[in-house]
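A short worksheet on the structure shown next.
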Amino acid sequence: MTKVVVTGAAGRMGTQIVRLVRATPGLSVSGAVERAGSPAIGKDAGTLAGGEPLGVAVVDDLAKALPGADVVIDFTSHEASVRHAQACAAAGVALVIGSTGFTPDAKAKVAEAARKVPVVLSPNMSVGVNVVFELVRQAARVLGDAYDVEVVEIHHKHKRDAPSGTAVRLGEVAAEALGRAPADALAYSRHGILGERPPWQIGIQTLRGGDVVGEHTVFFCGEGERVEITHRATSREQFARGAARAAAWLPGKAPGVYDMADVLGLRGGK
C-alpha cells in the first residue's frame, strides 16, 4: 500500500485528491497538511473531503506528516511547493507537484530537491491535456512554419496566475517542435500599434471569468484553413485522478524530475 500525504487538504483540489486517493486501490491517505492558522487544523481529512473519517488529522507542517509516507501530492502555490520539495528531499519522500505559476528560480529549487528524490512536476495532471500536448507537438511538426500558432486559455475568476501553466507548456511544446526557442517565441500580451505579426511568434492569450474549470485551444492558422486543438475541463476530478495515477507510479523511481508524459508512457521513461 502506497501511503500518500496531501497538502492543501482542505482546499478545492485537496478534498478532491483525498477522495480519489482513498478510492484508488493500492493507495491510502496517511497524512494531510494545511497552512498554519487554517480552521481545518486538527480536523479529520476524510470528513473535510465529505466522506467517512480516515483517522488522519490535518496538521500545519509537512514535516509532521512525512514519517512513514511514500509520496506527497502537492497542489498549493509555487512558493509553498518549493518548501515542500525541500522537506521531501530531506525526508527521502517522493513528490507529485500540480501547482502552477513557477518562476525559473522556483523550478531550479525543485530540480535541486529532485537530485535526492523523484518528483513529478506537471502544469496539468489531466490525462486528456497530456494527450493534447502530444497532438500539438505532432501538428506543429507536420504543419510547420506555414501556419501561425496561437494559444488561448480561459479559467475561473479566482485563478491567481496568468497565463496558466498549461497554456505556457502548450506554447513551449509548439515552439520546440518548430525548432524555436520558447523564451524568444512566446508572446504573452499584445496592445497598441505593433506592426505585422512576426512569423516566428507564438501568442498566448488569457481570459478570466465565472466558474470555468479550464479550457485551452491551440490555433494553427494557415492560408485558407485553420486547425484548432481544444481541451475543456468540466470538473477538477480529472486533475485529482491524474495526480493519484502519478502517486501510484512514482515511488521507487530514480531521483529526478518527471512529468505526466513519463507517467502515462507517452515517451520513453527515465
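Every residue gets a Cβ built from N, Cα and C, even glycine.
Taken from Swiss-Prot as is:
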- GLY8, ALA9, ALA10, GLY11, ARG12, MET13, GLU34, GLY98, SER99, THR100, SER122, PRO123, ASN124, MET125: NAD(+) binding site (BINDING)
- ARG35: NADP(+) binding site (BINDING)
- HIS155: active site, proton donor/acceptor (ACT_SITE)
- HIS156, GLY165, THR166: (S)-2,3,4,5-tetrahydrodipicolinate binding site (BINDING)
- LYS159: active site, proton donor (ACT_SITE)
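For HIS155 (active site, proton donor/acceptor), the nearest neighbour among the binding-site residues GLY8, GLU34, SER122, judged by Cα separation, is SER122. For SER122 (NAD(+) binding site), the nearest neighbour among the binding-site residues ARG35, HIS156, GLY165, judged by Cα separation, is GLY165. Nearest Cα neighbour of HIS156 ((S)-2,3,4,5-tetrahydrodipicolinate binding site) among the listed binding-site residues (GLY8, ARG35, SER99): SER99. Taking the mean position of the Cβ atoms of HIS156, GLY165, THR166 as the (S)-2,3,4,5-tetrahydrodipicolinate site, the remaining same-chain residues with a Cβ inside 8 Å of that point are THR100, PRO123, ASN124, GLU153, HIS155, LYS159, ASP161, PRO163, SER164, ALA167, GLY214, HIS216. For the binding-site residues ARG35, GLY165, THR166, a Cα to Cα distance of within 10 angstroms from SER99 (NAD(+) binding site) holds for GLY165.
For ASN124 (NAD(+) binding site), the same-chain residues lying six or more positions away in sequence with a CB closer than 8 A to its CB are GLY98, ASN130, GLY165, THR166, ARG169, GLY214, PHE239, GLY242, MET260.
In terms of local Cβ density within 10 Å, HIS155 ranks first among the recorded positions ARG12, ARG35, HIS155, HIS156, LYS159. The two recorded residues, the residue listed as 'active site, proton donor' and ARG12 (NAD(+) binding site), show a Cα separation of 12 Å.
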